[in-house]
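Asker: I have a structure I would like to understand better, so I am pasting it below and will then ask my questions one at a time.
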């Protein structure tokens, strides 16, 4: 009997130990998971209430030190506006102890026309030089040296003297682009008092002041927009930088009414679609009677289709290869030019025209035929699986697939029998074609100069500010591909101030600036709408296909 009791006791102990060995890791994991989620909730709460623009990272891109405890940190939080870096456990202290960049001066400081430096200690940019002794800063492996969040000047710990702490900040290299906090305070006060004589406010009265606004589409270009937003906020006043996924361009552009007339420059970070969206908002300003506040527009190309930015000298696509500082210098040095904008009206046939005509605004091109069919197929698949289309290379590969597929199907043949074309009221006899493209700008199809073709024939010059459209025909997808690699010329149908195209029968793919749709019998009329004020960058153009310029 005693043996049975001892065996039962041993079995019981074994069961308890087994249960503990299973439950203990589960409980520890559950406790850790609970603590982690509680910590994340606290961090999120600090982020939400803070005046800093905190972001969390699992790995800093350069050696970093906590601004509170001065310990070396691999991960933690950083402010996208002032550049503070802090460990997770010191986040609350840092949030209470350090001020972020002020977008507007508080209290009585509104009447000021200058402000002192705003110094932040440690984590200075690599290869930065001390403004006092001109030697390199941030070379020691510890929290050391200072950086001003406005002028970006850096100073060694040992070179930092009291007079530098109270000295007026010059706003550094980009003083002509930055909107100072004291300026916004002064204008805000004047608006409250219903005064409009801003001319005496500094730097409104300064001759070369050309404040810049950055409008970034964070959905364009594989999240590059998100990174750029942070970098521009570091260099400029955060009030100048807008995320178009959170605020509409029309609302963002109202900042122009606080700034000098005809002086503001807007940098649009996104594809041609984003640029069109901003230009539409600028047209709304004209309707509201705000014509004198209209800005000039520069482009940083992030999307897939960047033919407009390529035409204006800003390149075919930005992938982070040029520093943000250089982009701002390019915006400062760019020349103002005009861009024609066109009204495209599509009136359906039949039903006694009871339906309202569709009206589009065109900046780049209108087309009917194979390239519109490729865009339509691409668009339909991107709507179904957007995650597949985050890369510019994948997008071009899918476009190529639909182009070659169309060669086999020939869905657009005998277009010349289905349409009539009028240029400035004159009927044009069409040869055997599959597509017609109406161009406002020099580039088409992701970097191809369509009107010029191989460049071996005489043709009238194409411009984007002459009130003329260039009209070309193509024999199919294969012909389009040949033109893109400079092995063929387009069928040049002519130039005109007004283009009218009548689709007599059947359904055909059409597109305006990359927005495609399937269209039944209709009349398409393209007329001049307005001019947009753009900025032209005369530096290197990144034309993928321009091999001829390299061989010269």
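From the backbone N, Cα and C atoms, a Cβ is placed for every residue, glycine too.
Annotations in TrEMBL come from automatic prediction, not curation.
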Asker: With TrEMBL as the source, identify the stretch among 14-34, 35-55 annotated transmembrane segment.
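Answerer: Feature transmembrane segment in TrEMBL: residues 14-34.
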Asker: Across the domain 'Phorbol-ester/DAG-type' (51-100), what are the DSSP residue counts per state (helix, strand, coil)?
Answerer: 10 helix, 14 strand, 26 coil
Asker: Determine how many residues of the domain 'DAGKc' (207-348) DSSP places in helix, in strand and in coil.
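Answerer: Final tally across the stretch: 59 helix, 34 strand, 49 coil.
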Asker: DSSP helix, strand and coil counts for the domain 'Phorbol-ester/DAG-type' (116-169)?
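Answerer: Residue counts in helix, strand and coil order: 5 helix, 13 strand, 36 coil.
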